[in-house]
Amino acid sequence: MSMPMIALSCYLLSMLTLMTPLLKPDSSNFHFKTKTSIKTAFFVSTIPLLFMINESSQSMTMSWKWFNILSTPLNITIQLDSYAILFIPIALMVSWSIIEYSLWYMHNDIKIQLFFKYLLIFLLAMMLLVSAGNLLMLFIGWEGVGIMSYMLIGWYFTRSNAGAAALQAVLYNRVGDIGFLFAMFWLISTYDSIDLNFVFSLNNSTYLLLAFIIAAASKSAQFGLHPWLASAMEGPTPVSALLHSSTMVVAGVFLLIRIHPMIKDNNTALTTCLCLGAISTAFAATCALTQNDIKKIIAFSTSSQLGLMIVAIGLNMPHLAFFHICTHAFFKAMLFLCSGSIIHNLNDEQDIRKMGGLQKTLPTTTTCISIGSLALMGTPYLAGFFSKDAIIEAINTSNVNAWALILTIVATSFTAVYSLRIIYFASMQSPRHNSISYMTENSTAINPIKRLAIGSVIAGLLINQIVLPTSPMTLTMPTYLKITALMVSALGFIIALDLANMSWTKPPSNKNLSKMLNTSFYPTTMHRLIPSSALNFSSRISTHLIDTLWLEKIGPKGLAELQLPPIMINQEVQRGLIKIYLSIFTFTTLMCLVVLQLV
């Protein structure tokens, strides 16, 4: 069998394996079957990956006729190229770890089967999105992850914050869906096709590309459409881990990687990606500095890393963005699972200022948090270093916008600062939490974390050998450019260590820096000030137009003005002069009698 046929067979077998538990959704051990099916699908999906490494990178497209809309064929098209073949095993491995962890985290939940059902459908939608060969299949996967994220973020629906966060995620993603639908309908009306390979061969409009970028910006929580990502922390920790590592939020970046042949020669689209990514990565990193909730710090770090991926696409290097997606999945999922373990053991305490000293009671968890945070900040030879350092080197050696470069470098430094805060306040010094009678590291929770920790250490090195660049790489550069990312990270690390030492025992003053630089103004502005101003303005306009003008003009005042002229004429006659009335009456009576006599 040829490599493409093996890839297709393994892909279909993986999908069928994942769907198997859904044949008996009411089974009492549905959650265990789900874990087994994802584990099996992962091992099956590694077969085409091994063939791809051994042979050369080949792409295969399979299409089945579905239906037509007038002259536009809408087909079920599966495309298995190097991106899909590499990403699917990574997504399945991360999901397998998260699902296994969920068996421990959600064991007391009475609706655990439903929870696992949602997670499984969520994963299936993401696999469909990754392997889509046309925009219709991509859109089905896109909407699938969107609706499942709504269900999972609002899992604790009795909490008003959870319901609001789920709705917020959907509404922000609607903006992106409008952009995606606009692009699809434009292609159907102009070219009668939404097949990716056909569209790539044409000269596409800048507006079409901007619509795709808006779609990606909403799904990947870029600046302006980012507040939903931090709010999504209202869902259970396994949901946060799956949402932020290898499914929902990377879908936007993956869309831009897929359509990159359309973007690569359009300077407007590339510049938009570069500037949007740089602003997002810097702003989200600044937001992470001001947070004290451990899950929100990690959530903002996700938004910051997504900005870095968009920067790589703006540099015309989608392979680096994809590389960072792959390495980021491991350590980000692990950070969330570790934070969930800590929160669970501290009786649902999420404030890092009330942790501390956990290296004695939760040694494996805190070790893995340290590994994940170091990988996130780009420590040499951990997973994040290979991808992150490559992007920083690429932007240093490219002829790019200076502000984009500065913002990206600043964000890289800030990454080290908030990563160290998590390590320092969670693990080091003495405990600050209330005395807990029993703290444990359950093997069901720790095994997946260990698996992801190994991935966080070696994944970068392995994937580095597989991801081949599609553009020439700069192999020589001055030493100061080569070590820029390392130096700014080290600088951020040293400053953060000093600040953490200072703030450990010092009570917060009224002029607390994190209050002065509070970045939560954005949701307040967007969700309170603008809607409030718009509603008040609309209220005043409607009051003046409808009540003051139309209702009064047509109603009482209009009626009065209409009736007034005839009333005034009538008043001229009816003056109450009885002598004149009698004289006229007598005169007319006499005149009538004379006329009658003459007749």
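Using the three backbone atoms N, Cα and C, a Cβ is placed for every residue, glycine included.
All TrEMBL annotations are machine predictions without curation.
Record features (TrEMBL):
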- 6-24: transmembrane segment (TRANSMEM)
- 36-53: transmembrane segment (TRANSMEM)
- 66-116: domain 'NADH-Ubiquinone oxidoreductase (complex I) chain 5 N-terminal' (DOMAIN)
- 115-133: transmembrane segment (TRANSMEM)
- 132-414: domain 'NADH:quinone oxidoreductase/Mrp antiporter transmembrane' (DOMAIN)
- 170-188: transmembrane segment (TRANSMEM)
- 241-263: transmembrane segment (TRANSMEM)
- 269-290: transmembrane segment (TRANSMEM)
- 297-315: transmembrane segment (TRANSMEM)
- 364-383: transmembrane segment (TRANSMEM)
- 403-427: transmembrane segment (TRANSMEM)
- 418-595: domain 'NADH dehydrogenase subunit 5 C-terminal' (DOMAIN)
- 448-468: transmembrane segment (TRANSMEM)
- 480-500: transmembrane segment (TRANSMEM)
- 578-598: transmembrane segment (TRANSMEM)
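Sequence-distant neighbours of the transmembrane segment (36-53) (same chain, 6+ residues past either end, Cβ-Cβ under 8 Å): 3, 6-7, 10-11, 13-15, 17-18, 20-21, 80, 82, 85-86, 88-89, 92-93, 95-96, 99, 120, 123, 465-466. Non-local neighbours of the transmembrane segment (480-500) in the same chain are 377-380, 388-389, 392-393, 396-397, 409-410, 412-418, 420-421, 424-425; each lies 6+ residues outside the stretch with a CB under 8 Å from one of its CB atoms. Sequence-distant contacts of the transmembrane segment (448-468) (same chain, six or more residues past either end, CB-CB distance under 8 Å): 52-53, 57, 82, 86, 90, 93-94, 96-98, 100-101, 319, 322-323, 326-327, 330-331, 333-334, 337-338, 341, 364-365, 367-368, 371-372, 375, 381-387. If you take every residue in the domain 'NADH-Ubiquinone oxidoreductase (complex I) chain 5 N-terminal' (66-116) and average the pLDDT, you get 91. Summarised by DSSP class, the composition of the domain 'NADH-Ubiquinone oxidoreductase (complex I) chain 5 N-terminal' (66-116) is 29 helix, 13 strand, 9 coil.
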